[in-house]
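Pulled from TrEMBL:
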type     : residues : note
TRANSMEM : 21-43    : transmembrane segment
TRANSMEM : 55-74    : transmembrane segment
TRANSMEM : 86-103   : transmembrane segment
TRANSMEM : 115-133  : transmembrane segment
TRANSMEM : 145-170  : transmembrane segment
TRANSMEM : 182-201  : transmembrane segment
TRANSMEM : 222-247  : transmembrane segment
TRANSMEM : 259-278  : transmembrane segment
TRANSMEM : 290-308  : transmembrane segment
TRANSMEM : 320-338  : transmembrane segment
TRANSMEM : 345-366  : transmembrane segment
Amino acid sequence: MKFKEFAKNISSGIKNSIKRFPVSIALSLCCAILLIYISELGYDANPDIRENLMKLVRIFALGIPLSLCIKLFFERLEEYKRITIFLTYIGGAILLILYYLFLLNDFKMVSMTRYFSVTLILYLTFLFIPYISKKDNFELYVIKVFTSFFTTFIYSIVLYLGLCAILFTVNKLLGINVEYQIYYYTWLIVSLVFAPCFFLAGVPYKNRAFTLKDYPKLLKILILYIIIPLITIYTAILYIYFIKIIITWKWPQGLVSHLVLWYSVITAAVLFFIYPFIENNSWAKTLMKVFPKVLIPLIVMMFFSIGIRISAYGVTENRYYVVILGLWVFLIMLYFSICKKFKNIILPMSLAIIILISTFGPFSSYSISKYSQNKRFTNILNKNSMISEGEIIPNSNISTEDKNQISSILSYFNNKHSLSDVKYLPKNFKIQDIDSVFGFSYIENEYNSLIYYTYFNNYEDRIPLEIKDYDYLIDSEILNTNNSSANELNAEFIPESGIVKITRSGDELYSKDLNEFTKKLIDKYGINNGGQGIDLKEMTFEDENEKIKVKFLFSQISGSKDSSTGKIESHGNDFYILLKLK
């Protein structure tokens, strides 16, 4: 194919996709524009504005699969009025606004896992909604969509790398300054403008008929003669491993559940893709009969394994997802084992329903996990007689194991949900209060209690440094390599402790724990923010004693805070020190 014809085909496909899916492409374009605008604002912008804009980006991104579902749903219909689809889009916009107002309050675990779950549900619906009333060749339709996706991915990578090469050449050879942000903006344009247009051009129309000739030969060889033999070997290894477990009766600590789970999900996907060949390929037909039956015992063993963990430590979101996804795979394999003719559209439809149940309502992962951990918490308190008239009685004489379990539960709620969700805790309880409320100190556990923070100040790019009334200026970059020296004046910064020391001729003139200043910033601006821009005055403090006057100007403060102890640890502070000797 000549280049001119090739370019014409791509151009025509992009035009058709814009005409067919204008709302989806417009939303993707809005995402690109907003992300560029957020980048231009910089880290010194109002953090509330940045956060709200990032929420808006996520809502626009959520609107892309929603609008695709609406469009494909109406394409299925023989007749419909334009006002009907217009009102449906309006209804979709209202749903997105409500989601923004009530379900995207922050970027913590619950909000983000719910967001990604809803996104996945919509993309699964995008796959099966055109085939709800059709019976045959759903697998070939999905393969066509996936082929379009991977083709788009390859084209986008090649296009981006080519544009980067051009920008780099212009910068180095022609001497035209190309800021590093341009590379980021180029990627946004390629991935959020070109890629959606190119991908959607490959989405089949409703009247498109599929046959086995449409099945990519390379994919057929890959699945039947490479992936399936590997899965067969993996299956044998798992069976040998489980036989070993039965003989020794030593159960693993959770890893096997994830190994079996993802193996089962991949196997279900492989069976989905080989289904079109069961009438013409004896190897595929045998696999469809044997694999589901072989997989069921492994899934049952997986349930035993995860059940032991749940019995010991209760339900958490991760364990819930293992169980619910394992249940879905088990039911799918049971369906493949019992039924003679399959409607494989059931796979994405049932998965979407499972995700919906796990995300919203009384049986969601969040509700079940909080209920389970609260029940576990109550049982431990009752066991140690630590509850009286609905209040906790301190008891320092309980076992170390129970102390560890209580600490673990509190850490879980503190990091994943809120301590206000824990029963019997006093109002405004903080995890640092565990000693006074429970009678023992917090014990580190399996949950990571470190919360990370970063604050920025780009003042050096905006205004000159004011050094009036000071004798020396020291850059922290020097402190982090070797001690600076000027007329026997030395300064040292110890990141592990956060302490800066200034000496002259061996005598200490000044010592300060910079973590005290960091704690004030955390108390005022919060933590785990992904980087906040703060005004110059807020990132500056002055101090003095009878020997010296000092002024600290910070450009970046980053580190971690242990939510259990309140201890702050510096990971990377960039600052200037202004000194005046008295």
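Yeah, the Cβs are placed from backbone N, Cα and C, and that goes for glycine too.
Counted over residue pairs 6 or more apart, the CB atoms of the transmembrane segment (345-366) and the transmembrane segment (115-133) come under 8 Å in at least three pairs, which marks the two as touching. Counting only same-chain residues 6+ beyond the ends of the transmembrane segment (55-74), those with a CB under 8 A from a CB of the stretch are 20-21, 23-24, 27-28, 30-31, 34-35, 38, 80, 84-85, 88-89, 92-93, 95-97, 99-100, 104, 115, 118-119, 122-123, 125-126, 129-130, 196, 200. For the transmembrane segment (320-338), same-chain residues at least 6 beyond its ends with a Cβ under 8 Å from one of its own Cβ atoms are 257-258, 260-261, 264-265, 268, 271, 288, 291-293, 295-296, 299-300, 302-303, 306, 310, 346-347, 350-351, 354, 357-358, 365, 368-369.
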